[in-house]
Every structure is written in C-alpha cells, then in structure tokens.
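Going by Swiss-Prot, these are the annotated features:
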{"type": "ACT_SITE", "residues": "Cys164", "note": "active site, phosphocysteine intermediate"}
{"type": "BINDING", "residues": "Tyr55, Asp133, Lys165, Ala166, Gly167, Arg168, Gly169, Arg170", "note": "substrate binding site"}
{"type": "DOMAIN", "residues": "73-220", "note": "domain 'Tyrosine-protein phosphatase'"}
{"type": "REGION", "residues": "1-20", "note": "region 'Disordered'"}
Amino acid sequence: MYIKELTETDEEKRERSVEDNVDDGDKAVLVSRGNVIVLTTKRALVGVGARALFYPTLVYNVVRNKLESEFRWWDRVAEFILLGAVPFPSDVPQLKELGVCGVITLNEPYETLVPSSLYKSYCIDHLVIATRDYCFAPSMEAICQAVEFIHRNASLGKTTYVHCKAGRGRSTTIVICYLVQHKNMTPEAAYSYVRSIRPRVLLAAAQWKAVVEYYHVKVLNTQSCLTDATSALIPRNVKQVCSGNVVVFDDGSMVVVTHSDLEGYNDDDSRSRRSVKVNGNELWAAAADLSMVYRVKVVGQAAMARISCLWLGLREDQKLSGKNLSMGGISVDISVY
C-alpha cells in the first residue's frame, strides 16, 4: 500500500487565488489558456448593452449628420487634431485629403468599420486602443501612448484623427489630455474649449477622473520636478552664509596701511619695530600710537572674515553646526623703517 501526498497544481492554485478575490455574484471569471480575466457585473452588462445599441445609435448619428448642419462627423479642435465619430471606409480618402497621417481608434473590434490594412494603403498610421463604450475610460498607459502618438505627428506637421463611436467621450478624453500637457491648459479649460468647438462632447465620470489623474501625474508632477531641479542649481552655501552666526564681509571695511601713513613717526629702532599678534579673534598691537593699533586691528578682522568665508565655501555640502570656528595663532611683525 502506497500513500501519496496530493499537492495543488499551479493552475489549481491560480484558480483558488482568483476565487478568494472574487465576491459571489459580483464578478464573472473567464479562464482561457491559463489567463484569468475578471469582469465586474457592471462592465459585463454595459458590454452587452453597448453591442446591442451600437448599430441603432450609429444610424441615429448618421441621420442627424445628414439633417443637421451643426451635427458634424468630425471637427478640427487643434491645428493637427481632428476629433470625430467612427469613420466609414468611404471617409478614408477624404481624411487623407485633410492631411490625416495618423488615426487613433478607441473602439472595440465590433465597433471598428475600417480595417488597419485600408489605412495602411493610404499611408496612414493606425493606433488601436480598444476601450469599452459609455462608462469607461482608457488606461493611463493607453492615454500616454495616444498623447505621444498625437504629439509625434504634430511635431512633423501631420494631422491625427482621434475617434470613438460618436466622438463624445472616449476620444475626447484623449484630446483633452493632449491639450493639458502640450497646450498648457487646465482640464476645465480644455474641456470647455473642446465643447465650444464640438458642443455634443460629454465625459462620463470615469473619463473625467482619468483626465484629472493624467493632469496631476503627467503635468503637475513634471512642473514640480522642474521646480526641484531649478532649486538644486542654487548652491547650498548661499543659504548657509545668509544664516547662522556668519557675518557678511564688507570689502569697504578694509583699511590698507601705506608708507605715507607711517611718515612722521620716530625712526628709533626700539620704537619703530612693533610686534602684532593675532590669537583667535583677539589682536594685540605693541604700538604707542592708538590710531596705528586701530588700523592694524581692522585689517586683521577683515582678513579673518575673508578666510572664514573661504573656509565655509569649501564645506558647502555640510550643514553649519553653530560651533565657533577656531583658527590657529597668527603672528604678524610690522617693521617701520
């Protein structure tokens, strides 16, 4: 009799992990070739509804486009950006005439009416970002990819056509994100600007949330990094010298003793040789003339201040500790002849 311990396979572990994270009745789990896809009930229901309503709403938009002059299929919202509804194969030549060299499709496969091969035959680059209709927004990664696609074409003078089914929500999300990053607009200003050109645009809550998140992550964070980089260019010692116990040195306080200042003094060797000693911050002058002592003391203080500033400059990466700066004794002999 052999007893064999049963262990879970990797697939069983994966399924059990998914089951632990899925609430009963709230999510549907699809397992295909080892890939586990978790769908919320809301997403599944919206997907079914979107499929059922695609062609009826498409016909509705076509009829309004034919009857109402203000209900345009696409609008030029920027010099190199067209925002509009899903194009038909017959629209591709006209888009090419308008200078379109790139198309961003935010439709799911069942909503796409023009294959990539047709765009390619007209030398039009095609970027597909499949996004569910109505209540959903593209991911942050997809938005960044689309914005870069538009910016790259615009820098080359090429126009990009951004579309979803009706040109209202998903495609508008991409266009607004481009405007806030490359046209220096706030989300509110960009939204109002696009609506002034294409009045029927309308963002769902998730789409507006994606715009605001993109603005904070890609725009405000970039500006913050630029501010930090600018502040980093300011040497630390500039802030340090202006604070603490450091005295700013004034070149005007320096007094230079020249030979003419010494004229008239006794040439006797016993009185002409004066010894000056500087120890720390104290300067002693062995001179009978009080004015001579004052002049030499000012020069000594000026020299001490300049040496202190030079020493602090070498320690720009260290924070001032507030300790007194100590220097060795300096002996200065001034001989008057």
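Keep in mind that glycine also has a Cβ here, set from the backbone N, Cα and C atoms.
Here the Cα atom of Tyr55 (substrate binding site) is found 14 Å from that of Cys164 (active site, phosphocysteine intermediate).
Around the Cβ of Arg170 (substrate binding site), a 10 Å sphere holds 28 further Cβ atoms from the protein chains shown.
When the alpha carbons of Cys164 (active site, phosphocysteine intermediate) and Asp133 (substrate binding site) are compared, the span between them is 8 angstrom. Long-range Cβ neighbours of Gly167 (substrate binding site) (same chain, at least 6 residues apart, Cβ-Cβ under 8 Å): Trp73, Trp74, Asp75, Leu83, Gly84, Ala85, Arg198, Arg200, Val201. Here the domain 'Tyrosine-protein phosphatase' (73-220) has, by DSSP, the following mix of helix, strand and coil residues: 74 helix, 24 strand, 50 coil. Here the binding residues for substrate are Tyr55, Asp133, Lys165, Ala166, Gly167, Arg168, Gly169, Arg170. Their largest Cα to Cα distance works out to 18 Å. The Cβ of Gly169 (substrate binding site) lies under 8 Å from the Cβ of Asp133, Tyr134, Val201, Leu202, Leu203, Ala204, Gln207, each on the same chain and at least six residues away in sequence. Take the CB of Ala166 (substrate binding site) and look out to 10 A: across all protein chains shown you find 22 other CB atoms. Its Cβ placed at the centre, Asp133 (substrate binding site) has 24 other Cβ atoms within 10 Å. Note: Arg168 (substrate binding site) has non-local neighbours Arg200, Val201, Leu202, i.e. same-chain residues 6+ apart with C-beta under 8 A of its own C-beta. Here Lys165 (substrate binding site) comes close to Phe54, Thr57, Leu58, Asn61, Ala85, Val86, Asn107, Glu111, Asp133: these same-chain residues lie at least six apart in sequence, with C-beta atoms under 8 angstroms from its C-beta.
Cβ packing within 10 Å was compared across the recorded positions Tyr55, Cys164, and the lowest neighbour count falls to Tyr55.
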